[in-house]
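Peer 1: Sharing the features that TrEMBL gives for it:
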- C:11-188: domain 'Cytochrome c assembly protein' (DOMAIN)
- C:26-46: transmembrane segment (TRANSMEM)
- C:66-88: transmembrane segment (TRANSMEM)
- C:100-119: transmembrane segment (TRANSMEM)
- C:131-150: transmembrane segment (TRANSMEM)
- C:162-185: transmembrane segment (TRANSMEM)
- C:205-226: transmembrane segment (TRANSMEM)
Amino acid sequence: MSHGFYIALSYGISALIVALLIAWVWWDGRARRRELAELEGSGIRRRSTATPKDNAA
Amino acid sequence: MRLKAEGLAARRGEDLLFSDISFDLGGGDALILTGHNGSGKSTLLRVVAGLLPAEAGRVTWSGPGESSRASEACHYLGHRNAMKPEMTVSENLSFWKTFLGDTARGRGVSIAEATELVGLGGIAHLPFGYLSAGQQRRMAFAKLLVAYRPVWILDEPMAALDARAEETFTDLIQRHLQAGGLLLAATHQPLGLDNAQELRMKGFSAFPQDALQ
Amino acid sequence: MTESLAITRFSDLANPTRFLSLAGRIIPWLAGLTLCLFAIGLYLSFTTEGDYQQGETVRIMYVHVPAAWLSMMCYTVMALSAIGTLVWRHPLADVSHKAAAPLGAAFTLIALATGSLWGKPMWGTWWVWDARLTSVFVLFLMYLGLIALNRAMDDPSKAARLSAVLILVGFVNIPIIKFSVEWWNTLHQPASVVRLDGPTIDPEFLIPLLVMAVAFTFLFFTLHLMAMRNEIWRRRVGAQRRMAARMAGRGT
Amino acid sequence: MMTLLVRDLKLSVRAGGGALIGVLFFMTVVAVIPFGVGPDLNLLSRIGPAIVWIGALLSALLGLDRLFQTEREDGSLDLILMQEHPLVLTVLVKCLAHWIANCLPLVIASPLLGLFMNMSEVAIGAVALTLLVGSPALTFIGAVGAAVAVALPRGGLLVSILVLPLAIPVLIFGVSASYAAVEDPAPFMPPFLILSAITLFFAVLGPLGAALALRNGGD
């Protein structure tokens, strides 16, 4: 009594959803950082610019 | 190029707002509509733009190789800016540039150039909704520059603008007129055009109005 | 910096810049740990014996149970953050529950999908409207509703306050849903679903289950930190864009 | 025209766009039905196709009132009306964008809800197929209602009231084709073909009517 199909499918779906989630979070972070860099490049800085740590993060 | 109106009349609801208005504009001519609130300035502009049916009379347009529908030769800038706050300025402008198309090929300027001309170069990447009311108005004006139309119909173009922006607008309008364009504007403030004709709207009149001259 | 240590700590945490640098340092470690745990967990879950009753399908449980557990823990995290938003008006709390909603929805979806895939061979149907399944499904709908609410509003702090109210109301509502659904549907036999408590579960299954649960939990925290960081960046982009718009008016 | 399509799609997924809300409403409506009729799986599988169809119908109407209203509110409608593109074509493209953004997700979500309704695989496939073919008709009919109610302050409710009666044939043939796929004696093709015909018919009539209404509704 094996249900390889269902097991494979459930692991597959879970992996897919997790992969999509990670990809989304990753891509979102990349896009935001790029936008920040663009704004930074066009000479707009935050009011409380200050610490170098800020840029490292 | 001639924009001709003959015996125009229009209603607002049940009331006749104006009747028997005629004018005849050629290349480089400007016509300024003045008059108190509710005198039918906006309605007249919308009738000329083809957005409202005229009660009587007609508007004709004759240009080089263009169709005779006047509204296709016109840019209409109403009270509302026709820009989407969710999209960036350049997305908005490039949409209108493509959607409107340039009637005379290549005479519309690029988006970067247009934003530069209205004095807001460098912020075209921002969402339109982030801009202040005056900046939004200026970007809406940039829309007139990206796609070329011989006739500009402007309804209160100077609303929400500061003095420097007004100057910019006047310059742009002058340039448009010198390039052979036509202007039809409703305004309270003087536009600072020296060669403009004026049409004073009295409003709610059943009697024929004095048209030009 | 004249305040007492506790207050300094608190204001440090409240400072998003501080949070960003902290998150930047922690995230790689958390991600690595998550990866290791998943490697061990997956290895264990494929090498253990099948259950005599459930057969091989017990392996689905190693994904299903942690996901279901996370779907509830995520809501708890959101509810705590919502209290933080409403009581202390802590900006990081706003960010926290906004960032957690998509994660919660995803884990709930995994729980629903794997549960369904387990139910088909074991019960002969993809879905039954029993108490537990139904309340998890309602939870899923609530996550999606919160995402939609957050997306629908421009002003992030207003959106955060309103969704915090909704989260707390939902938190109160979930037990009610659960119990009412149990009363509503008494047809279903109890304890079809594997339960962690009591001796019903063999250590052989318990170990991979626990490892996977810990792995999923770490996955959640890694992603949550990353998503919070994204959200802070998103707000900075918004703030800087508004500033750019203001500067363009004044300058040139 | 492509630019208009792309713009509308962009707007629908940007913040405040209605694409997600439609699907969510669909899922919620279908999900509350079992609470009303009870968790009897046999009963649910019998009424399933009808429930899914009604849910899709209601959620397809949900965002329709905004189809032209947003354009009118910011003045874009004026500029669109002035253009030399045939207005019918513009309306058709807007309908298409609306369908892709709001109705296609419903079609994609419908198999999932079919599972919740304990429907058989054939019935699920049939419902998804009939929704795919029938839902454009809902958008086209709705466009007329949206164009008529464009200038009204509480247009949303009115659009639903105006459009629902017109959408009845779509519902009838959609549901009967879905049932025909499961129950033996009834053939599947005739109602399905009629459904396709209705969609094609409204693809012509809907934009025409909407364009006419927009031209006359100017203010």
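Note that Cβ sites are derived from N, Cα and C of the backbone, with glycine treated the same way.
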Peer 1: Can you tell me which recorded stretch out of C:26-46, C:66-88, C:100-119, C:131-150, C:162-185 has the most Cβ pairs within less than 8 Å of the transmembrane segment (C:205-226)?
Peer 2: C:26-46
Peer 1: For the transmembrane segment (C:100-119), what are the same-chain contacts with Cβ under 8 Å, counting residues 6+ beyond its ends?
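Peer 2: For the transmembrane segment (C:100-119), the far contacts come to 57, 60-61, 63-64, 67-68, 70-71, 74-75, 77-78, 81, 125-128, 133, 136-137, 139-140, 143-144, 146-147, 150, 163, 216, 220, 223-224, 227.
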Peer 1: Average pLDDT across the domain 'Cytochrome c assembly protein' (C:11-188)?
Peer 2: 82
